[in-house]
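Noted in TrEMBL for the protein shown:
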{"type": "ACT_SITE", "residues": "Asp189", "note": "active site"}
{"type": "BINDING", "residues": "His187, Asp222, Asp285", "note": "Zn(2+) 2 binding site"}
{"type": "BINDING", "residues": "Asp222, Glu257, His561", "note": "Zn(2+) 1 binding site"}
{"type": "DOMAIN", "residues": "303-460", "note": "domain 'Peptidase M20 dimerisation'"}
{"type": "TRANSMEM", "residues": "36-56", "note": "transmembrane segment"}
Amino acid sequence: MEKSAVASTVLPLANGPLQKTHSGDFNDQQPRPRRLVPGVLILALTFYLYVSAAYLRSTWPYQDLDDGEQQQPTLESQCVQPDALFPIHNNTELQRVYDYISTDSFRAASIDRLSGAVKVKSVSFDDLGAIGEDTRWDAFYDFSAYLQATFPRIHAQLDVEKVNTHGLLYTWTGSDASLKPTLLMAHQDTVPVPAETIDAWTHPPWSGHYDGKYIWGRGASDCKNQLIATLETVELLLEAKFQPKRTVLLSFGFDEECSGRQGAAKLSAAIEARYGKDGIAVIVDEGSGFEQTWGTIFAKPGTAEKGYTDVDITIRMPGGHSSVPADHTSIGVISDLITRIEAEQYRTHLETDNPYFTQLQCGAAHSPDFPSKLKDLLAQRRRAPVSCRARPDHLAVEAAKQGPEIKYLMQTSQAVDVISGGVKINALPERVTVKVNHRINVGDTAQLVYDRLTKLSSAVANKFNLTLHAFEDDPQEAPSSITLTSSRNALPVAPVTPVDEKPFEVLAGTIRALYGEEVVVTPGIMTGNTDTRYYWDLTRHIFRFGPGYDPSDAPGMGSIHTVNEKVSVLQHVNAVKWFTLFVLNMDQAEL
């Protein structure tokens, strides 16, 4: 399934996605018998045909052909797959280092490198103080020192900058300054490991243990694997004495797990100051990977991200001695509100610009086991898009039956994640707070969330005779009140990356070169958010993609953010192969 090396002969670049063509002669010159039709019938027939054509054009994606005919597109034409894309080269040293990635020697060295990276406890916390004052930031000095010792060629031959102390920006300057750079991203930080869960780990979370198949530990799959893979790629290309025409940038933030304001935000500003808006050719960051479904292997580079908002709900009520309680304490009241919030979910709906809509079309076109009911509903949607939000979206509802991982690609999520209140067992709680996290669906906005929570909170405020302060510009807590505030890191739905342009073709062609043309590449959507939230102005071509794939590995995300996080070594090695091919293919691409 996997191609072991770059082709040893010179292979041409693919000529772009396969295009569906149509041929036919519509110049019928045969004489026609004269027909006598009353003028009024001619006018009526003409009007009927005009209206019918207008209606069909509005409800079906016609394709205008050169000869004037309008052809209904096939499903295949909505999911065109590019040819496998191999870089053109006759560099024997480049061939040698690519072949080296498949050796046991590289595998062993790569295991040591990634294992060592996992052992560094570069953890970020939501309550971190200022850099230079909060000593918990100091772990990132250790991590950058580890990288410097592990990748000596990179640190000797590339420009290495520290942005806001711990952000790492590597610049490999290309020979042609007119070409926009390729930017590869990852983040250095991980989420914490609660002390109470350590005993539940099969192997200790900071051990970097290798068991013959997996490397275990916090950060192994989120996302020190991607960071190490990109550095291994550049180190190998430097060893091969490769000189890029197109500048290559590596940008590694250090607080992605707490929204990236100190890391990615500062790094993106530095890159924009140098290259300007829309100054980058393509960005690849961590993200979605591969999925086996409907009898097909899909590669799903994320071309969109859901939006984001946190809402804090605070209830203030009179305190007092617990021996003389009110009928309802603030904890009881906020429990009532939480119950109302969770009693109803947001609407499941699938917009046509949601990348999952494209995956459904790809499944219908290429998957032998694609469900007939989904195919019928997809055909109905293509003929008549949903225009009334009050009506159920039957296509989305049916697709959501595959499980929550699919449902939340098409639905705004809500999760009550943090609650606090009360200070003493014999004192009534005067203040209680809850934090509710939301990931916003394509087609929805944060305002939808704010309006719904305001409505639910208003009912509770009226029930318990409290004053409601909902999303005010200068929120002030008051006695006997409910206060709603939104987080400063609220984020709209990300701009959708175009998939009908050259960068996606290069990315997809590289995937099919490494893994074979039986892999169907379709755009994906991220339910979470990445550091790319700060890079929207740098390029329209942002892909959140984990390019490593191990067909024997279990489905899922490697237990990120929970017990027993791990990554398959084959998956990691394949990521190095993919990044190597992608950097070379991008270097030769004419955008």
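Along the chain as shown, residues are numbered 1 onward.
Keep in mind that glycine also has a Cβ here, set from the backbone N, Cα and C atoms.
Small disclaimer: the values here were computed from a predicted structure and weren't measured.
This view paints the features noted in TrEMBL onto the structure.
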residue : record                : Cβ neighbours (10 Å)
His187  : Zn(2+) 2 binding site : 29
Asp189  : active site           : 27
Asp222  : Zn(2+) 2 binding site : 25
Glu257  : Zn(2+) 1 binding site : 20
Asp285  : Zn(2+) 2 binding site : 26
His561  : Zn(2+) 1 binding site : 15
Cβ-based neighbourhood (8 Å from the centroid) of the Zn(2+) 2 site, residues His187, Asp222, Asp285 excluded: Met185, Ala186, Cys223, Gln226, Leu227, Gly253, Glu256, Glu286, Thr530, Asp531
Cα distance (Å, whole number) from Glu257 (Zn(2+) 1 binding site) to His187 (Zn(2+) 2 binding site): 9
Spatial neighbour of His561 (Zn(2+) 1 binding site) that is closest, considering only the recorded positions Asp189, Asp222, Asp285 and their CA atoms: Asp222
Remaining residues near the recorded Zn(2+) 1 site, that is with C-beta within 8 Å of the centroid of the site residues Asp222, Glu257, His561: Thr190, Val191, Gly219, Cys223, Ile560
Distance from the residue listed as 'active site' back to Asp222 (Zn(2+) 2 binding site), taken between C-alpha atoms, in Å: 9
